[in-house]
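Okay, so here's the structure we're looking at.
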Amino acid sequence: MKDRFGRNITYLRISVTDLCNLRCKYCMPESGVKSLCHSDILSIEEIVEIVKVASKNGIKKIRLTGGEPLVRRGFINLCKQISEINEIEDIAITTNGVYLKEMADELFENKVRRINFSLDTLVKEKYNDITRRNDFDKTMESLFYAIKKGFKVKINVVLIGGFNDDEIQDFVNFANKYDLEVRFIELMQIGETANWSKDKFVSNKIVLEKVPELEFDGVSGVAKIYKIKGQKGRIGLISPISCSFCEDCNRIRLTSDGKLKPCLHSKDEINLKGLSGEELEEVFKRGIFEKPEKHHLEDGKSESARDMNKIGG
């Protein structure tokens with residue numbers, strides 16, 4: 001289905017929970033955030049019904065996020081039910097990886113083939129600092145197990161000035177060594193980062209400056225892809241601040257409490273919780289059609305009032 005600006009919307013990102021086992025500094029405070037009541041969270045049945053409606057209206061790809069999706073009770077069952085919807089061609093998850101190893105086999109059995117790991121550093125001490133937890137070893141075990149299992153693995157790195165901008169070459173080397181894709185994502189002023197100092201926000205242009213041998217290799221979704229000649233690894237640059245990709249955006253988001261967000265950075269939300277049948281489909285279609293033309297991050301902070309753990313990374 002197309003929105004009012006002619007963009008073909010085929011991708012639905014679903015936050016299945018607002019809970020997370022980590023406390024990443026750019027996502028939530030150390031004490032955590034007040035979690036939603038169980039009755040406010042979409043049930044597994046409600047999520048599946050929404051996906052069925054979405055699949056009849058052009059959605060082909062589903063990404064399950066959080067919070068941390070693997071802490072959601074019934075997550076494997078959710079993947080199984082989504083995998084049985086014929087129109088859905090691709091099921092992916094974004095995870096911090098702490099619990100992935102113990103669930104990987106069942107995920108693979110239920111047609112999950114792509115996993116994005118949120119991993120902002122390859123240094124254990126820095127990992128402990130940014131996540132406020134001590135799960136680096138478990139995360140890396142899960143990452144290597146996923147590669148061995150045959151998942152298509154990507155690593156999402158939020159680029160933070162003064163924290164991990166000195167690891168850019170290390171991540172490039174890691175991508176080449178293990179034949180995977182590392183995606184550098186510009187830090188955005190949303191939620192916890194809304195009042196961070198400007199030196200924390202660095203442009204992805206620094207990646208190309210630090211690794212000049214990277215050559216442009218096309219576009220994949222919202223990422224510009226680069227490679228080093230003769231190497232297998234891929235480097236993706238997702239640059240919502242310095243290089244907006246709104247004109248090609250093909251995605252919408254569903255929050256854990258049932259709000260359809262046509263744009264991550266818009267304050268506009270459409271409630272789907274409690275709807276069913278023709279009413280659900282009508283409201284869902286309206287949400288796609290009303291997707292805004294672009295965000296306004298270049299003007300400052302995101303308009304969204306939600307923390308990222310409630311929207312989905």
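Backbone N, Cα and C define each Cβ position, glycine as well.
Please treat TrEMBL annotations as automatic predictions, because they have not gone through curation.
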Per TrEMBL, member of LYS154, LYS177 binding GTP alongside ARG13, ARG63, THR94, ARG251, ILE252, ARG253: LYS154
Of the candidates CYS79, CYS263, the one that TrEMBL places in the [4Fe-4S] cluster 2 site of CYS246, CYS249: CYS263
DSSP three-state assignment (helix, strand or coil) for CYS263 ([4Fe-4S] cluster 2 binding site): coil
Alpha-carbon spacing, TYR26 (S-adenosyl-L-methionine binding site) to CYS20 ([4Fe-4S] cluster 1 binding site), which is rounded to whole Å: 13
Pairwise Cα distance maximum in Å, GTP-binding residues per record: ARG13, ARG63, THR94, LYS154, ARG251, ILE252, ARG253: 21
Spatial neighbours, same chain, of ILE252 (GTP binding site) - Cβ under 8 Å, 6+ residues apart: ILE9, TYR11, LEU12, ARG13, LEU260, LYS261, PRO262, GLY287, ILE288, LYS291
